[in-house]
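According to Swiss-Prot:
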DOMAIN    104-299  domain 'ATP-grasp'
BINDING   130-185  ATP binding site
BINDING   D253, E266  Mg(2+) 1 binding site
BINDING   E266, N268  Mg(2+) 2 binding site
Amino acid sequence: MKQRFGKVAVLFGGSSAERDVSLMSGAAVLAALQGAGVDAHAFDPAERDLHILKEEGYDRVFIALHGRGGEDGTVQGALELMGIPYTGSGVMASALAMDKWRTKMVWLSCGLPTPRYAILDADSDFDAIARDLGLPIFVKPVHEGSSMGATKVTEAGQLRAAWELAARYDSLVIAEEFISGQELTAPFLDDRALPLVRIVAPDGNYDYQHKYFTDDTRYDCPCGLPQAEEEALQALILKSARVLGCRGWGRADLILTPEGRPYLLEMNTSPGMTGHSLVPMSARVAGMSFEALCLAILAGARLG
């Protein structure tokens, strides 16, 4: 295994708002790779400069960073310049998928379904936006993940406060219409869609706390959909990743209405790999252990 992969750096931690989640993801990945006999080492970009990777002779990188500075194309660009292969999507797709607004623009231009939205700023007519999108409305930073800075607005008078909260995290804030239905997530590995996971939060609010620090959210995998319907959604997910230029692995979130209509929400190019994370759960149902999943992701490390 050491000869196959060489010296591997697992990048985790970083300085984004999702640092704590990344620390959990990276520790799990590192333990799995080392357990499989890979010469893997921890590397926190918040504590060490990236150029050290080249100086210390690393052969490839497993990116377990989340949020800005980790899955937005910046680290990927640095690794491209150093000529060190890395896991996941390349520079362009990473930057694009991190931007919820432009991701939606691409999806819509390709005829893919996604909820209606508006970009908010200090001069927005919040009452008009509430009337146009209807209530409830989800408000979130354009460039954050893990529901950081996100709010579910149930009254028009709450919209400005929700924008102010999201604006603490990002200069760009998006308001998205609420779509009622099943919340699903769909991981993919290379050109293969993994089993869908249905997410059932006890209060219907799958926020940061529910994602990583509580056990009261129910995850159904298999998701319970008829095979033909699940396969159609998996095909949609693969197309949604392809039009963004994603590669390697990732996870898309979507809503399925009671009428059976899907709406794409977000694309994650460096999903969580914690004990609560959904990609390992889906892979397990597909017959892959966590160790096998990490090795498969690492095997896909590349440049370009």
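Every residue gets a Cβ built from N, Cα and C, even glycine.
Only N268, from the binding-site residues E144, T151, I179, N268, place their Cα within 10 Å of the Cα belonging to D253 (Mg(2+) 1 binding site). Secondary structure at Q158 (ATP binding site), taken from DSSP and collapsed to helix, strand or coil, is helix. Each of the binding-site residues T151, Q158, N268 was scored by the number of other CB atoms within 10 A of its CB, and the lowest score belongs to Q158. When secondary structure is read from DSSP and collapsed to three states, L172 (ATP binding site) falls in the coil class.
Neighbour density at the Cβ, taken as the number of other Cβ atoms within 10 Å, is lowest among the binding-site residues A130, I137, L165, I179 for L165.
The local packing around L172 (ATP binding site), expressed as other Cβ atoms within 10 Å of its Cβ over all shown chains, amounts to 17.
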